[in-house]
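Database features (TrEMBL):
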- 1-26: signal peptide (SIGNAL)
- 43-259: domain 'ATP-grasp' (DOMAIN)
- 54, 87, 88, 89, 131: GTP binding site (BINDING)
- 76: site 'Important for substrate specificity' (SITE)
- 132: site 'Important for substrate specificity' (SITE)
- 228, 242: Mg(2+) binding site (BINDING)
- 293, 350, 351, 352: substrate binding site (BINDING)
Ligand code: GDP
Ligand code: MN
């Protein structure tokens, strides 16, 4: 029985992008593979392609917010904190504010059910013209693995947590598989508009917005475009009130301008540092650092630590092609983390040569003056030579080819939590 935490990681890895975004915030924030645009960036892109959003300006100070308010000259305005997590409407600021004034938003942390407990610092707000909402629906376009192409997903019940709706009322979720070569058909856009409950002249308007959103999807190569709520106003306009556009690194090359918008300010510093060296770092709350190659091995390693009564402090994934410089940087990151009391290195040398890793390890340990005990489980190509490099190094390294044994020894070497 896997421990819930690693079960969560496993789910995060095997789920489709849409669910992944909702279920594992940790995952998307930590990986270089993901770019999640802020709402204002997503809305700017969408409006460039003719999608209807409210008039808005972006402000990063209370004064700018005031100016924006003047320029909008709207009957009523809405201020929206620009953080990646959803659930902002019901979030709480550490200034005490619940939904309101710009000076009590910018520079403060906003906690929602999708953020870490302490919340996320708000650096920018959208100042938008407030419109009345008559009805909220949900609309998303995403790359769907099961059909190897784009999928339109919608529900007449929007504004709500879509994952909960998928579980409680699956009959309220509508899908249209789109042929990547044919593009979205009029009939598909019309059917979706109807399924979303747009009536009379609103049906054509909604279908038109859906086609324009699909055009955005086609032009900017995202893994997902999500509009929740996709709404109608009492005046009879279909408007995208919220927007989330996410990318994976396949889009990095063709979409350089978009990737240049990523300021990574919402990442943990350690995660940005890891990403610079092509390492994936996931922070957990125990005291045993896991140093692995490959996500599957990361989960197996975390599980085996749990099964032996320990808790992982993190895992750092070297990925497929291991380079010596990477090994060094990985150690630097792990040894700089004060909660790490032992390191469990678990590498399977399928393509990589274990001796190269052993050399990387000993070099890094000497230069960084490794203070905590380290258990090394190396298996695979050239493992014998690797073992002898480690055992003759004179460093506090316990080497084994058995993962269970290595995990047990790591747990024995840390204080119990
Ligand atoms: P999220 O909770 O972080 O996803 O933020 P949203 O932008 O989706 O806003 C949450 C909810 O606030 C929406 O579902 C709407 O009900 C409401 N909302 C957002 N903007 C407006 C607006 O301009 N006018 C009105 N009437 N409601 C809004
Ligand atoms: Mn929303």
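Glycine is treated like the rest: Cβ placed from N, Cα and C.
Locations of recorded TrEMBL features on the structure.
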residue: 54; record: GTP binding site; Cβ contacts under 8 Å, 6 or more apart: 78, 128, 129, 130, 131, 239, 241
residue: 76; record: site 'Important for substrate specificity'; Cβ contacts under 8 Å, 6 or more apart: 129, 130
residue: 87; record: GTP binding site; Cβ contacts under 8 Å, 6 or more apart: 112, 113, 114, 161
residue: 132; record: site 'Important for substrate specificity'; Cβ contacts under 8 Å, 6 or more apart: 233, 234, 235
residue: 228; record: Mg(2+) binding site; Cβ contacts under 8 Å, 6 or more apart: 136, 138, 139, 140, 158, 159, 162, 242, 244
| field | Where the C-beta lies under 6 angstroms from ligand 2, the matching recorded positions among 54, 76, 131, 228, 242, 350 | value | 228, 242
| query | Can you list which of the recorded positions 76, 87, 293, 350, 352 have their Cβ under 6 Å from some atom of ligand 1? | reply | 87
| note | On average, residues of the domain 'ATP-grasp' (43-259) score a pLDDT of 92
| said: Please report the Cα separation of residue 352 (substrate binding site) and residue 88 (GTP binding site) in Å, rounded to an integer. | reply: 45
| query | How many Å separate the Cα atoms of residue 89 (GTP binding site) and residue 293 (substrate binding site)? | reply | 40
| query | Could you give the Cα-Cα distance between residue 350 (substrate binding site) and residue 88 (GTP binding site), in whole Å? | reply | 45
| Recorded GTP binding residues, 54, 87, 88, 89, 131 - maximal Cα separation rounded to whole Å | 19
| What three-state class does DSSP give residue 89 (GTP binding site)? | helix
| task | Express the distance between the Cα positions of residue 351 (substrate binding site) and residue 88 (GTP binding site) as a whole number of Å. | result | 46
| note | Rounding to whole Å, the Cα atoms of residue 293 (substrate binding site) and residue 88 (GTP binding site) are apart by 36
| remark: Out of 131, 351, 352, the listed binding-site residues, fewest other Cβ atoms within 10 Å surround the Cβ of 351
| task | Using DSSP reduced to three states, classify residue 350 (substrate binding site) as helix, strand or coil. | result | coil
| said: List every residue in the same chain as residue 88 (GTP binding site), at least 6 positions away in sequence, whose Cβ is under 8 Å from its Cβ. | reply: 80, 81, 110, 112
| message | Which secondary structure state does DSSP assign to residue 228 (Mg(2+) binding site), in the simple three-class scheme? | response | strand
